[in-house]
Amino acid sequence: MRTTSVGVFKIVTKGPGDVSGLMAMIGSGAIDPKSILAVLGKTEGNGGVNDFTREYAVAALCTALAPQLGLSPEEVEQRIAFVMSGGTEGVLSPHITVFTRREVERRPAGLSGKRLSIGMAHTRDFLPEELGRAAQIAETAAAVKAAMADAGIADPADVHFVQIKCPLLTSDRVEAASARGNKTATTSAYGSMAYSRGASALGVAVALGETGSDISDGDVLRRYDLFSKVASTSAGIELMHNVVIVLGNSAASASEFEIGHAVMNDAIDAAAVTSALKCVGLGVAPQAEAGRELVNIFAKAEASPDGSVRGFRHTMLEDTDISSTRHARAAVGGLIAGLAGTGAVYVSGGAEHQGPAGGGPVAVIARLSD
């Protein structure tokens, strides 16, 4: 098995088109552009169907990296996995997290335990009528397994976060399916985001053995007892396939980072966030074990679909001015930021089948100096 070293760099941005921080790190030699495998980002759009800050950010990054790699911007987008999550409500701060990977001859002497590893895979392009249905679940499950192999992770227990970028429906895509005599899961562009996120998350659950493979189309957005504890899915208009990024710990990794996770049972589950921090030797800011430093936190958030949090009614689902996903990102983002001591954390809205209903997974990456 090959040995790899993974790097993780959190870079603040002044806007969705800001690449100055990344270019500065490349210029200083801190980041080798040829080693960049994935970029996860938070952009200050609305996180909805018409949030073009995600596409803008990807275009800016691809244009900036193209001459560094000797590729066209289109080729850069095929080479690197870009996952932009729109919506930095409340105290959430726009930023990108750059993951690099390079092969090394062996693990350094004295390096103990499993360390952070990353793997990537893509599904095929989906037909509009396949989104939110069994085909998307099955293809995603296969891609998760491929990404695990790419990361050198064999045991599902070592997988702590699976980030997926998935497609959504537009009126043109719905019409294309109809012209072929097929119906889509929904005709609502906004509603399709939930279907696509949910089916993708169930694909993760199937791949990791968190649920059986006998999931039907009717289970998506209905059987909320079926979920993955590590899936994080974000829908966007800019693609028609799923991009799958697996983050976990591997004995084949020589990185100076470690990842752990917990599952929030609801939007105010501070204990779960604290548990995730403790998994990697961290505590509520500024507490940490010697030789441990927080790099970033990744979490999912959603308004509880039953309309209540711990028995008290919430109004996030009834607000016609602000979507429930924006409410949830702001609430969970504030909670995590308070515990982490920073608003530059990755909190994504819409957690269908990603953790229990109303909750969601939370993962923490720490840098180890030992």
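A Cβ is built for glycine as well, from the same backbone N, Cα and C atoms used for every other residue.
Database features (Swiss-Prot):
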REGION    1-106  region 'RU A'
BINDING   ARG54, SER85, GLY86, ARG197, SER234, ALA235, ARG329, SER348, GLY349  substrate binding site
REGION    115-251  region 'RU B'
ACT_SITE  LYS165  active site
ACT_SITE  SER234  active site, nucleophile
REGION    257-370  region 'RU C'
BINDING   GLU302, ALA351, GLN354, GLY355, PRO356, GLY359  Mg(2+) binding site
SITE      THR325  site 'Important for substrate specificity'
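Overlay of Swiss-Prot annotations on the structure.
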{"residue": "GLY86", "record": "substrate binding site", "Cβ contacts under 8 Å, 6 or more apart": "LYS42, THR43, GLU44, GLY45, ASN46, GLY47, GLY48, ASP51, THR53, ARG54"}
{"residue": "LYS165", "record": "active site", "Cβ contacts under 8 Å, 6 or more apart": "ALA81, PHE82, VAL83, MET84, THR233, SER234, ALA235, GLY236, LEU239, ASN242, VAL243"}
{"residue": "GLU302", "record": "Mg(2+) binding site", "Cβ contacts under 8 Å, 6 or more apart": "ALA267, SER324, THR325, ALA328, GLY349, GLY350, ALA351, GLU352, GLN354, ALA357, GLY358, GLY359, GLY360"}
{"residue": "ARG329", "record": "substrate binding site", "Cβ contacts under 8 Å, 6 or more apart": "GLY47, GLY87, THR88, GLU89, GLY90, LEU92, ALA301, VAL347, SER348, GLY349"}
{"residue": "GLY355", "record": "Mg(2+) binding site", "Cβ contacts under 8 Å, 6 or more apart": "PHE227, SER228, LYS229, VAL263, MET264, ASN265, LYS300, PRO361"}
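Close to PRO356 (Mg(2+) binding site) in the fold, though at least 6 residues off in sequence, lie TYR224, PHE227, VAL263, ASN265, each with a CB less than 8 Å from its CB. The DSSP secondary structure for GLU302 (Mg(2+) binding site) is coil. On the 0 to 100 pLDDT scale, the model's mean across the region 'RU B' (115-251) is 97. Each of the recorded positions THR325, GLN354 was ranked by the number of other C-beta atoms within 10 Å, and first place falls to GLN354. Same-chain residues that are not part of GLU302, ALA351, GLN354, GLY355, PRO356, GLY359 yet have a Cβ within 8 Å of the Cβ center of the Mg(2+) site turn out to be PHE227, VAL263, MET264, LYS300, ALA301, GLU352, HIS353, ALA357, GLY358, GLY360, PRO361. Cβ neighbour density within 10 Å is lowest for GLY359 among the binding-site residues GLY349, GLY359. What surrounds the substrate site, by Cβ distance within 8 Å of the Cβ centroid and not counting ARG54, SER85, GLY86, ARG197, SER234, ALA235, ARG329, SER348, GLY349, is the set GLY47, GLY87, GLY236, THR325, GLY350 from the same chain.
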